[in-house]
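Record features (TrEMBL):
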{"type": "COMPBIAS", "residues": "34-43", "note": "compositional bias 'Polar residues'"}
{"type": "COMPBIAS", "residues": "60-78", "note": "compositional bias 'Basic and acidic residues'"}
{"type": "REGION", "residues": "1-83", "note": "region 'Disordered'"}
{"type": "REGION", "residues": "565-605", "note": "region 'Disordered'"}
{"type": "REPEAT", "residues": "177-210", "note": "repeat 'TPR'"}
{"type": "REPEAT", "residues": "301-334", "note": "repeat 'TPR'"}
{"type": "REPEAT", "residues": "511-544", "note": "repeat 'TPR'"}
Amino acid sequence: MPGLVSIKTPPETPALRISVSNENHGQNGPGSGRSEQVNPKTNSPAPRRPPSPSTSRAKPSPDRSSGKKKSPPEKVEIDESSLDNPDLGPFLLKLARDTIASGEGPNKALDYALRAAKSFERCAVDGEPSLDLAMSLHVVAAIYCSLVRFDDAIPVLETAIKVPEVSRGADHALAAFSGYMQLGDTYSMLGQLDRSIESYKEGLKTQMEALGDTDPRVAETCRYLAEAHVQAMQFDEAESLCKKTLEIHRVHSPPASLEEAADRRLMGLICEAKGDYESALEHLVLANMAMIANGQETEVAAIDVGIGNIYLSLSRFDEAVFSYQKALTVFKSSKGDNHPSVASVYVRLADLYYKTGKLRESRSYCENALRIYAKPVPGTIPEDIASGLMEISAIYELFNEPEEALKLLLKAMKLLEDKPGQQSTIAGIEARMGVMFYMVGRYEEARSSFENAVVKLRASGERKSAFFGVVLNQMGLSSVQLFKIDEAAELFEEAREILEQECGHCHQDTLGVYSNLAATYDAIGRVDDAIEILEYVLKLREEKLGTANPDFNDEKKRLAELLKEAGRSRNKNPKSLENLIDPTSKRTTKKETSSKKWSAFGFRS
């Protein structure tokens, strides 16, 4: 958590003569050594290769140990009636921390922390906010998170945020800031990115009111929030925050500082995601130079991979190979030949060689990476393996081996199933699996995969993203193949509303949904609605997009047929479902499907 300032710990209190429960409630396991801290956000939900790595956000690790274990505190019994004793709250809070530090188990620590919070609440002076109460609630929430009970942590943190009064000074403001950031981290663990970002924004606002707009701690929070926007694929907001971070660090940090390098690395990722490859390359080169100046060899190698990605996007293949090989040499010498970092470079080289037509080399690098992922070195993060498997799956899809690609996606999803905060990533995997099931004519499985993805995306707060609109469109296409036309119409209608808002009326994804919706309306007898949509699409193409697109003639022909049929009979029989998939669509045979190139997110040719 960035810029976190702990509330002052109460002075140690002597042992009290109080009765205490001797019951041990829990499993043994490490807890969090810091009361206000919750594990930060997880990887990007984007179901595609992230533009470049950003290491400033830590991986989620609810079971992270607090370090060397201490001997467990003596077990004491507490009488509930003694909670009115003002000395009991600090004692119980210290007992909770000592229990966590000893590794005795989070459940017993939770019991102590809950009693401490109750004692602070009872002893609070009317009209006076208790920072001790806020701190104890932060501890309770952190323990809930270590037990993967995120839903229980949310109301505790919402209560804690209401305790401080920001107008009372810096201590209260920073207590509120701590609560907002911890709440954002907890929402992130639940995969609710929209609520997570809103909490971070409130935290940033509170911090700026207390410290000013140019404090270095504000820059740290801005970068943290920018990374959250990147994960939600909100790149404009992320860019604005990252620029502010750079401006603050220019004032407070020396040239080529590590802080500036981290900012530029993130800015490079954002620019790459927006398709501004030249700016991305400039930021990454400057970040690389700063890391070299500070002797950060491993970080230099990681940035070299990002630079290689940019060169690959610019089709500067020789320079990309050089960057990847530089990184590979460093990773092998510093981490070993079987480290996942080495495998990640193999995957990038496999992608490059596929794009340059060297299929044998591409397949060889894929196999080398898979050997490393099959026997990961100790300490390897499952999310890293899953990410690598997803990228290799995309390459096997290009090899026209959808079954092998599906197997890799299933392995990746299995690795992420029990990991907090990975709902959006799993949804992306399921959407890709739906595309591949569709490719091979397994329409029931395709629809099921899309439906699972839709449920997760709704729950994670991405129901208004462009990606969600595209997944709805794909699910609609699967429903068409299963003759569930009314369901398909509803899905296309929702997809249209989202894509109009997120992409605009003239975007290809939006136009594809218009076309699919018109065909569906025609199939269920809503001919007038179908005609209206096609007339609107043709008007857009003629006035804004031009008529050179081959879809224009197909749509024009379809409209003419509809108008002719509508004039002949309003109660005409619906068209064959074979014509519903797109203007030029025909029900393809499996052989035809296997020879057709499909994108990861859409079905239009």
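Yeah, the Cβs are placed from backbone N, Cα and C, and that goes for glycine too.
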Same-chain residues at least 6 beyond the ends of the repeat 'TPR' (301-334) whose Cβ lies under 8 Å from its Cβ atoms: 51-53, 55, 265, 268-269, 272, 277, 280-281, 284-285, 287-288, 291, 341-342, 344-346, 348-349, 351-352, 355-356
Residues of the repeat 'TPR' (301-334) by DSSP state, where helix covers H, G and I: 31 helix, 0 strand, 3 coil
Secondary structure tally of the repeat 'TPR' (177-210) (DSSP, helix then strand then coil): 31 helix, 0 strand, 3 coil
Secondary structure content of the repeat 'TPR' (511-544), with strand meaning DSSP E or B: 31 helix, 0 strand, 3 coil
PLDDT averaged over the residues of the repeat 'TPR' (177-210): 94
